[in-house]
């Protein structure tokens, strides 16, 4: 039987050499606080391309300075960010990998000086600052910031854009009734709470014609929060809008007890794939080749997003291939040690 983990897949006009995706993970290493890449970021991402990851998604990159989680996050709110990202995309592609970027706004979870913004003036928790409720004008302005960031991503040479609509950040805050108490067109019904994301997708697609992913938190793990049924509905709308894949994570909107175990989020990817007829990515405690292969062989997801395991092992692709008794090509420079 062919090992599906190492079978190419084409999404829109992009072909990945395998189904392994480096999940976006914040490194909090833009130490000049200007949102720019550092030598660390270059080494971090290029090393995973050398390690034969099919698709590398750069960590959450803020569309606005006040949309960072911390002041050491990456940003793509300025044309000054394009040059650094262009150098990174060129180097990653030289190693045969594709590269994406996650466009993000932290919303009420921003830990920054000055005002932070959210759909409603509801703090994340008792230790967090209370955000300013966004005016309708501010909402429209933020939608345009996502569009402008997407245009910069295209200029920088990225292959994929992922919109971050998960983990309790701004878009997730609009989607969930726990954090969105608005009474205007952006609050109330599921259609209204989805409107912010709908407008972002529509605007991004005006300047971006490549593969478009959206990361979601498929469960809030708490009463009256979002659950998988809600996200199946959202996924159907995303498909209508031309989103190519949903990256299925969960949680982090509110503090909640989560039963974490290997592959604990895979069922979300499976259900969205089946019930919304949508390509999905599985993520969360997927740590070996056999687990990844099972998910793919059983049609539970289309891509495997690997996070912490790629921090521990930049050569996860090689490790997984050995676990599956298959061979993958080595970088020419590494052939004698592969």
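Every residue, even glycine, has its Cβ placed from backbone N, Cα and C.
Swiss-Prot annotates 23, 24, 25, 26, 60, 102, 307, 308 as FMN-binding residues; of 182, 193, 215, the candidate listed for that same site is 215. Residue 166 (substrate binding site) falls outside any helix or strand according to DSSP and counts as coil.
The Cβ of residue 215 (FMN binding site) lies under 8 Å from the Cβ of 24, 102, 162, 163, 164, 165, 166, 167, 246, 247, 248, 249, each on the same chain and at least six residues away in sequence.
Cβ neighbours of residue 28 (substrate binding site) (same chain, under 8 Å, six or more residues apart in sequence): 69, 70, 72, 73. Taking the binding-site residues 164, 167, 308 in turn and counting surrounding C-beta atoms within 10 angstroms, the largest count is reached at 164. Largest Cα-to-Cα span within the substrate-binding set 28, 164, 165, 166, 167: 19 Å. For residue 23 (FMN binding site), applying a Cβ distance below 8 Å and a minimum sequence separation of six or more within one chain yields 57, 247, 283, 305, 306, 307, 310. The candidate set comprises the binding-site residues 25, 165. Of these, 165 has the most other Cβ atoms within 10 Å.
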